[in-house]
Structures are given as structure tokens and as C-alpha cells.
Amino acid sequence: MGFVRKPLICWVFVSMVVFAAQLSNGFYLPGSYMHTYVNGDKIYAKVNSLTSIETELPFSYYSLPYCKPLGGIKKSAENLGELLMGDQIDNSPYRFQMNVNETIYLCTTTPLNEHEVKLLKQRTRDLYQVNMILDNLPVMRFAVQNGVKIQWTGFPVGYTPPGSNDDYIINHLKFTILVHEYEGSNAEIIGTGEEGLGVISESEKKKASGYEIVGFQVSPCSIKYDPDVMTKLHMYDNTNPITCPSELEKYQVIREQERISFTYEVEFVKSDIRWPSRWDAYLKMEGSRVHWFSIMNSLMVIFFLAGIVFVIFLRTVRRDLTRYEELDKEAQAQMNEELSGWKLVVGDVFREPNCSKLLCVMVGDGVQILGMGGVTIVFAALGFMSPASRGMLLTGMIVLFLILGIAAGYVSVRLWRTIKGTSEGWRSVSWSAACFFPGIAFIILTVLNFILWGSSSTGAIPISLYFELFFLWFCISVPLTMIGGFMGTRAEAIEYPVRTNQIPREIPARKYPSWLLVLGAGTLPFGTLFIELFFILSSIWLGRFYYVFGFLLVVLLLLVIVCAEVSVVLTYMHLCVEDWQWWWKAFFASGSVSLYVFLYSINYLVFDLQSLSGPVSATLYLGYSLLMAVAIMLATGTIGFLMSFYFVHYLFSSVKID
């Protein structure tokens, strides 16, 4: 016991340290860590990967011939989530001085060669966006389409007029920085932001007084400069105010031997927006009525299914049980001959299912995924995982998944003991639970990664990160799963309420296959999910912020209820037709929702992502959608199976057997 206990303590300690270290970057509370600046303070913007909704392949900012910082390119520290998402944050030459409005010259490129022209044209036509960050705020751009003002994050690499073969590069940026004057004497700031945990003490409050950045906006345009005049200037020299032209002849065309000059201007505007509210402009919840409709739709499905379950329990099951128990033994025997239904499979209902080990492994992994998703959504709904901390949502999910390996091992082995009646083989079950879903994810991500490597995309996982993920998998997740399995062998066994006959009962033939009903049952859970699924897919593939986690938490709870109800109803229907092979059908009755999720993803690709171009982008999309569908199948199938197991156990424990 001592040998087992020490590794347990060590691994729990390591896991908690990792978890605490990651979450120290992840929490975002109103009033958390902020930077204050005084007049004249220098502030440098950062640049993230170039992104496009046309290709979904991120590329490095400096893969294009942009101006480079004087001190060279330096990468910012990135967390696990940022690396997996393809973010590559670098420093940039864009420098601002607090409350100093100025127009600045940056640099003039060397004459463009054929490769640079081809790359610029391709990035422009693929609608690539430049993503800049100032004081942890993404740059925002406003555009008017059909009389409606639309906000975007980032600005385009270039511009292609309709029906033209020429492309024009964006080489002048007009920044508007919103600042709020902050008095630190009457406030206390508890910081859990990017810089880590920190408390501003009384002595530091006066130092904290100054200006805080609450908005970062840009108006991009293209201007053709005379390179001979511009090359006489040096980086950060002031120039005359610039007016963006409206004639195409005055735009900077992308052409071989062209020398492109880059400039920018900045205007500081005082704002009443307070620092804790500065993300509100990015997180404006559009379509809230649609979210409420989604919830009302789910509630209608739940009440419908709850009515069916109510009828089954109170009218059918209770009536049958009362009638069965009031008869004497001879009458019961006669009744068994005359009646059909769930009472006749009492000696077969707990017979070991086919592929019982696989079922145990899938249920264990489903508990792990469900726990990870549930805890992440709760934390996000409470505001602890903000988009201000890029990549922390994904990092938090990975850390939770690792820790919940204990739950996967425990549930898998305990179900194995229940089915087999012995703990023999628990190590194999635990090992399979530790490798089943992570193995599927690893295979899919490896295939997609080779595609990204071939495209030279920053979305490709570096080989060093592969080793880190292997370390997390085999040095944290696998040992924790084995510990959970060991705990499952020591837990109290679940005893069946009835004995199993030696000879299996023949299942009566039916007009239609039972799997048809099981697959059809997945439409009900999907009905509670599909509206919210649209917003989630839009946030992932169209670059929109998703931050209505309160709605998502409600939808998750409704989904759990619907999955449980659907599985119970289907299980009861199968037992009533003397089909005692309910185990896998209970799992897939609710788990089949993943099939509809994947089909909906294909529908979204065809009708909502029409701009997505090329087989590489489509393959990436389908690969990630398949991984999401597998995770949803395991989570929802586990909900249905566990609820059905409890229902069957309760139902047959009420039958008196001699």
C-alpha cells in the first residue's frame, strides 16, 4: 500500500501544481491586473499570425515583406493552448507614445521579387487578416456593408477591386487608441492577468495613477508613395498628416520591382469606458433571442420526454410491479407464460454484453470528457477563462482532461468488475481507457499536422510540442488513470438484483432493425444542441468571439437531461419486446447525436463556409469536426448508458425472485 500511496500523492501534487500554474494566467476578473501609463510612455504593439476564413491556415506575420523591429524579431511566451491554436505572437515595429498624436514613417522595402509578389497576391486574394495586439487588446476595424456597421478584428493584407487583376497592399494604418484616465488612490487592484498574480499595495497606488488603454481601433488604407523621397527618412521620423485617397490610381499596387513604404498615424481619444468593461465591445452578444429560442426549444423536448418517462414509471412499470407482486407463485408462472415484456427477460437482462471491455473503456473516457467539458464551461460561465487570456480555454481543458484520468480509470474498472464479477484484467482496462480517446485524437491530429507542415503554416504543431504532449499523456494522464483503476478495484462492487440464466433467451424477430430506432433517437438530443452548435462553429471557423458561456451551460444541462430521458425510454422499449441486449443500444441511443453533429458540420461547411477554398482547408475542417464528433459520442453515450443502467437496476430490483 505504501508503494501505491506515494506515487498517488506525487502525481496529484504535480497535477495540482501544473493546474495552478496554468490558471494563474487564466483567471480574468473585473478589476484584474491592468497597466497604467503616463504621458509619453512608449507602448509597442504585437502581431499575431495572419488568419483567413477562406483557408483556415495561419501564417507568420513576417512571412510577408513587412517592416521588422529595430532589435530583431522576438517571439512572446506562448501557453499550450496558443501553440495548439496556431498563434504566433511576435513583437512589431509599431510604437506609440501615450497621448502623443503623430504620423510616423516606418520603412521602405527593397524592390519586390517574384516570390514576394506571388505571396502578397495570394494572401490578399485569400482574404488574410493582420492581427495586432496592444495592451492585450486585439485591434478592431469597423466597416459598413449594406448600410450596416460591422466590426471585425484585424485588417486585410490588401485589397482587390471587383473585376480587376491588380491587387493593392495596405501600407498605411490610422490607429485610434481609447484611453481612460485612472486615479489609483481610491481603488485596489487584485491582478490575475497575463503578468501573473499581483496586488497593488497602498504605497503603489499613486504610481498606478495615469491612463489605461480601453480600446484599439484601426482604419487601413493603401497609398502610393514616392520611394526616392521616403527612403531619405529614418524609422520613427514624423511626417505630415496623411489623407487616404479614394482613387485607385493613388493606391500602392503589388507588382514586381515596386518599393513599398509603410507609415502609420495614431490618435489618442479619451473615453468613459472603464478598464473592466473594455472587452465588452468584442463580446457583444448578437442574436440573444436566438439563444433563448434554443433553450425554449430544448425545454419543449425535455417536457415531452419527461411526460413519456412519467407515464412509463407511474402507469406502466408501477402497475405491472403491483400486479406481479400480488399474485401467488402458480399465478406468476402462468402469468409469465401468458404475458410478454420486460418481466420475461429477468434472467438475461444483466448478461454480459458483446465487447464488454470496449464498453467499459468508452464509458470511462466519456466520464472524463464530460467532466472536462462541464467544469470548463462552469469556469468560463463564471468569468474565470476570458478571451483576454488567449489559449487559456484550451489549456484549461487539457489540464482538466489530464487530472480527470482518475475518474476514467475508476469508472472503467468498476464497470468491468460489475460485468465480470472479478477485478482480474483491471490493468488492461485502465491502460485502454488511458489510450483510447487520446490515441484517436493523436492519430487525427498527426494526419492534420502533416498537412499543415506541408503548407508551412504556423498552425502546425512543432516537434518539441509533440514531445511535451507525449510527456503529459504518458507521465500524467496514464499514471492517473491507472491510479483511478486501482481505486476502482477497491470500491464496493455493484451487485445485480437478479441472477443470470445459463442459457440465453432467444430474442423474438422484429419487422424493423432495432438499430434504426437507436439512430433515430439521436435526433432529440441534437434538437437541443444544433442552434448553439451554429454559434460555436462560427466562433471557431469565422474568427468570432464566443463568450455566451452562460447559455452554453444551460444548453449542456438540458442536453444531459434529454440524453438521459431518451436512453431510458429506448431501453424500456427494447426490454418490452424481450430484447435483453440493451447495453450498447443504451449507449448509442444518446451517443448517436454525434452522427448528426458531424452531418451538421458538413452542412455548415457546404452552406455557411462557402468561402473555404481548397482540399487542404476542407480536410482540416472535416478532421477537427470528426474529433469533436467522437468526443461528443463518448460523452453523450456515457450519460445515456449510466442512466439506463441505473434504471434497469432499479426496475429489476423491484421484482421478487425466488
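Cβ atoms are placed via backbone N, Cα and C, with glycine included.
What TrEMBL lists as signal peptide is 1-26.
According to TrEMBL, the transmembrane segment annotation covers 292-314 (among others).
According to TrEMBL, the feature transmembrane segment maps to 358-385 (among others). Under 8 Å from some Cβ of the transmembrane segment (358-385) lie the Cβ atoms of residues 23, 26-30, 392-393, 396-397, 400-401, 404-405, 407-413, 415-416, 419, 429, 432-433, 436-437, 547, 549-550, 552-553, 556, 583-584, 587, 631, 634-639, 641-642, all in the same chain and six or more residues away from its ends.
Look at TrEMBL and you will find 391-411 (among others) tagged as transmembrane segment.
Through the fold, the transmembrane segment (431-453) approaches residues 57, 357, 360-362, 364-365, 368-369, 405, 408-409, 412, 459-461, 469, 473, 477-478, 481-482, 485, 616, 619-620, 623-624, 626-627, 630-631, 634 of its own chain, all at least 6 residues removed from its boundaries and within a Cβ separation under 8 Å. The annotation transmembrane segment is assigned in TrEMBL to 431-453 (among others).
Summarising the annotation, TrEMBL assigns transmembrane segment to 465-487 (among others).
Same-chain neighbours of the transmembrane segment (515-541): 53, 56, 287, 290-291, 293-294, 297-298, 301-302, 305, 548, 551-552, 555, 558-559, 562-563, 566-567, 569-570, 573, 585, 588-597, 600-601, 604, 608-609, 612, 621, 624, 636, counting only residues six or more beyond its ends whose CB sits under 8 Å from a CB of the stretch. For 515-541 (among others), the entry in TrEMBL reads transmembrane segment.
The annotation transmembrane segment is assigned in TrEMBL to 547-570 (among others).
Outside the transmembrane segment (582-602), and at least 6 residues removed from its termini, the chain residues within Cβ reach (under 8 Å) are 349, 353-356, 359, 362-363, 514-515, 518-519, 521-523, 525-526, 529-530, 533, 537, 562-564, 566-567, 570-571, 574-575, 621-622, 625-626, 628-630, 632-634, 636-641, 644-645, 648. The transmembrane segment feature in TrEMBL is assigned to 582-602 (among others).
Taking Cβ pairs closer than 8 Å, the transmembrane segment (622-648) reaches residues 349-350, 359, 362-363, 365-367, 369-370, 373, 437, 440-441, 444-445, 447-448, 525, 540, 559-560, 563-564, 566-568, 570-572, 575, 582-583, 586-595, 597-598, 601-602, 605 in its own chain, all 6 or more past its ends. According to TrEMBL, the transmembrane segment annotation covers 622-648 (among others).
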